[in-house]
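Participant: According to TrEMBL, the record shows the following:
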- Asn13, Asn65, Gly75, Asn76, Asn170, Glu188, Arg189, Gly199, Thr200: substrate binding site (BINDING)
- Cys74: active site, proton donor (ACT_SITE)
- Cys74: active site (ACT_SITE)
- Cys198: active site, proton acceptor (ACT_SITE)
Amino acid sequence: MKLSFYKYQGTGNDFVMIDNRQQLFDKNNTKLVAKLCDRRFGIGADGLILLENHPELDFKMVYYNADGNESSMCGNGGRCLTAFANYLGIINKKATFEAIDGLHHAFIENKVVKLQMQDVLSVEKHQNHVFLNTGSPHHVQMKSQLQELSIKEIGSKIRYGQPYNETGANVNFVKKLSENTFQVRTYERGVEDETLSCGTGVTAVAIAMFETGETKSNLITLETEGGNLQVTFDKEKGIYRNIWLIGPAVQVFKGTISW
Ligand SMILES: N[C@@H](CCC[C@H](N)C(=O)O)C(=O)O
């Protein structure tokens, strides 16, 4: 069997993109998705995304982690999918699409994609960390030094530990650089390793930093290993609304693969 694919990256969080408007992709083939994402035996990516038709909206997003399982929302993936839809001529500068967590609006200009995220209704503040769901579940923890941390080792202990267990959470380690700039390194569930950037992760970090008083700004720059992202939001009556994730989304290459 032969498959045409495109490879995209958003601040180093990379994805195999497949145009599945004809419904030809075998969506229940976990092994195939994992193989396509494998960096030695496949194309190599943190996740795989199907672009599908939607009866009312511009398109539908179906997201799989690199382990082959369909998962919750991927912020960088949503931004890259918007760039892919623009490349395919499905949208011009703006899009409205459906993902697993609901409807998203997006804008694209000069390879920069601005993606609206779901409202965040609750933020759990614990002694040493914050937990919140920005479309995917995120544990956020401050660290004074990030560079020398073994993110895979300490991230996996938290991800598989109490209270997350097998279901898991993504784990973000954060260092404050200035009033409105934070450095972030993320361990991603479903990749089971550090990724260079995580969109729902930096969104969670921005909100957690505001909620805990680390910043008073609602326009926050997040420095990831793969580049910078920005998050803006409004807080009204305890609810975070109008949340936007902003950053580059780039096509890297395209090809065909046989299996
Ligand atoms: N890289 C993503 C997050 C993808 C989902 C995550 N691995 C999970 O299963 O929770 C992003 O950019 O948000």
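Placement of Cβ uses the backbone N, Cα and C atoms for every residue, glycine included.
Those TrEMBL annotations? Automatic predictions, nothing curated.
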Participant: Just to verify a number: CA distance, Gly75 (substrate binding site) to the residue listed as 'active site, proton acceptor', in angstrom, no decimals.
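Facilitator: Cα-Cα distance, Gly75 (substrate binding site) to the residue listed as 'active site, proton acceptor': 7 Å.
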Participant: Rank the binding-site residues Asn13, Thr200 by the number of other Cβ atoms within 10 Å of each Cβ, and give the residue at the low end.
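Facilitator: Taking Asn13, Thr200 as the binding-site residues, the minimal 10 Å Cβ count falls on Thr200.
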Participant: For the substrate site given as Asn13, Asn65, Gly75, Asn76, Asn170, Glu188, Arg189, Gly199, Thr200, which other residues of the same chain have their Cβ within 8 Å of the site's Cβ centre?
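Facilitator: So the extra residues in range turn out to be Asp46, Gly47, Cys74, Gly77, Ser136, Thr186, Thr195, Cys198, Gly201.
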Participant: Could you tell me which of these recorded positions, Cys74, Gly75, Asn170, Cys198, has the greatest number of Cβ atoms within 10 Å of its own Cβ?
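Facilitator: Max Cβ neighbours within 10 Å, all protein chains included: Cys198.
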Participant: Can you give the largest Cα to Cα distance in Å, as a whole number, for the residues Asn13, Asn65, Gly75, Asn76, Asn170, Glu188, Arg189, Gly199, Thr200 that bind substrate in the record?
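Facilitator: Per the listed residues, the maximum Cα distance equals 15 Å.
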Participant: Sorted by position, what residues of the same chain at least six away from Arg189 (substrate binding site) have a C-beta under 8 A from it?
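Facilitator: Non-local contacts for Arg189 (substrate binding site): Asn65, Ser71, Ser136, Pro137, Arg159, Gly168, Ala169, Asn170.
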Participant: I need the CA-to-CA distance for Thr200 (substrate binding site) versus Cys74 (active site, proton donor), whole Å please.
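Facilitator: That separation, Cα to Cα, works out to 6 Å.
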Participant: What does DSSP say about Thr200 (substrate binding site): helix, strand or coil?
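Facilitator: The residue in question, Thr200 (substrate binding site), is helix (DSSP, three-state).
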